[in-house]
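The following features are taken from TrEMBL:
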TRANSMEM  200-219  transmembrane segment
TRANSMEM  270-289  transmembrane segment
TRANSMEM  335-354  transmembrane segment
TRANSMEM  361-388  transmembrane segment
TRANSMEM  394-416  transmembrane segment
TRANSMEM  437-461  transmembrane segment
TRANSMEM  467-492  transmembrane segment
Amino acid sequence: MVLKVFFPSCCSSADSGILIGRWISEQNSAVILAVVHFPFIPVQVKQYLGEVQRMTEVNVSVLGSWSNSKQEKEESLSEFLEDLGTIFCHEAWIQISKEGDSKFWSCSTLPKHSKNPQEEEIILVYYDQHKVMLSHLHPPLDTAGQRAEDASKLSAVFDTVARSQVLFMTDRYDEGPIKLTHWQSDGVEASIIVELMKQASVPACMLLTFLLSLLSGICRSRVLKFWPLSFLWSKLSTCEQLGHRLQHLQVISSNKKAQNQNQLMRKANIFVSLLIDVALGILLMSWLYRKNRIGHLADTLIPVADHVAEELQDLLQWLMGAPAGLKMNRALDQVLGRFFLYHIHLWISYIHLLSPFIEMILWYVGLSACLGLTVALCILSDIIALLTFHIYCFYVYGARLYCLKIYGLSSLWRLFRGKKWNVLRQRVDSCSYDLDQLFIGTLLFTILLFLLPTTALYYLVFTLFRLLVVIVQGLIHLLVDLIDSLPLYSLILRLCRPYRLAAGVKFRVLEQQDGKPLRLLMQINPLSYGGVVQTYRLPTYSCYPKDSWASLCKKLFLGELIYPWKHKGEKQN
């Protein structure tokens, strides 16, 4: 049986003493956590370990002795340290000694109530205690069999060191009866500013929780469930983003302690995402209000809208003629062209009616950037939807007319073949038609077939305009989703302290000699950037349904509508 001893590299120069840690019997492994120096009283050591075990729920015990024979005055302690095995009862008493200036160590085990070392193959594994304690092991998601078992063994070592933080709060400067050596032996890391911030964050979180609960209660009230407000809340992207950020604030201000590492990282990612979002929004707001850029933007908005309207009028005039030499149905062409020209005239009148208030509207919209860049981008998307509402109306009119003709032609085509659509059974059944029905069907099929090219041309043109608007809004919401869902804190942690996100470990051979224990160095393999994004990606919502290319082409061919806003309830995690 191979005995694996995990020894902290920070204790390699410690004075002689006893080894305390956790014995994992299932793996025949010993995880050394600290070294207790001489002189000490065994009863006090047992009491201290009992308190640590009660606070950490880790079975901490004395595992063996450590002898650093570099100094001659400590050579007489070796026999005394061996006799401690009779006081601290353990299944296997581990004896580790450093042989002066030699790079080789001796490690052996002494069975209980025996003074003859047992010849057993021992592997001595060095590990960085600080990095292992702060890291969180992320085993691969596709592990199976032996790989999953190895990941569980490593998780036990990582969990033992991480849960023993109370043990590391005692350093060599404490005036207690027990002197320890571990990664924090030179002094407990502390910051007065951090402690004051922790104390001040409690009332701040309570106040923020109260305000958020009041705001969420108003949002859930029945006033917002009436038709105009409920319609705006479900259709406008700004309302969706505000509700999304409200949920994030509730998660951050919650006074519940994170149960595991994933919840802690989720809170940190949300906090950093909110902080960066608000900072970018304030920068955008300061840029807009500098040098009267909002006034210049308002002055250029009306001429741009007039230019777009003029271009649409020229396009409709071209469609009402002979576009690209195509022969259209003149009567239907004139009716559709004048119908759309009248809508453009209404749109121009609407824009000029709002022109005196556009600068004031943009001024107040710029103030919303203090809520975050994502809120400003969602308002921009809603403004684009409102400014292109006439294009959406053209698209809906053309799509409905085109869809009516397509379904009419398909129904009349079934009539020619002696078929009909059974509504109750949702299938095509055989049917016998008389001569009058076939005559009327032939006339209608001929009329619809010859009117289809004119309708299809208008539908194609306005569908391309609609797709252009959808692509612009999709790019805006893609940027919003990127800011909302990107785990910025985890990525910064991966860049600055990669050992905090461990995907596994690798072992490097330090020394190997016959008759000596194999000495290995355990190094942490950090999680890849793609794994960080996949593991800690925040939940968000999508502005558009996820349709495949085949489904989208089918909708375009059949004339089904491409909705400009997200449907209520379509949330993606």
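Any Cβ shown, glycine's included, is placed from N, Cα and C.
Automatic prediction, not curation, is the source of TrEMBL annotations.
Note that this is a predicted model, so its numbers are computed, not measured.
Within the same chain, residues 339-340, 343, 428, 433, 437-438, 441-442, 444-445, 448-449, 451-452, 455-456, 458-459, 461-463, 465-466, 557-562 sit at least 6 positions outside the transmembrane segment (394-416) and bring their C-beta atoms closer than 8 Å to a C-beta of that stretch. Pairs of Cβ atoms less than 8 Å apart link the transmembrane segment (437-461) most often to 335-354, out of 270-289, 335-354, 361-388, 467-492. Proximity of distant same-chain residues to the transmembrane segment (467-492), defined by a Cβ-Cβ separation under 8 Å and at least 6 residues beyond the stretch ends, is recorded for 237, 241, 244, 265, 268-269, 271-273, 276-277, 280, 373-374, 377-378, 380-381, 384-385, 388, 391-392, 501, 529, 532-533, 535-544, 562, 564.
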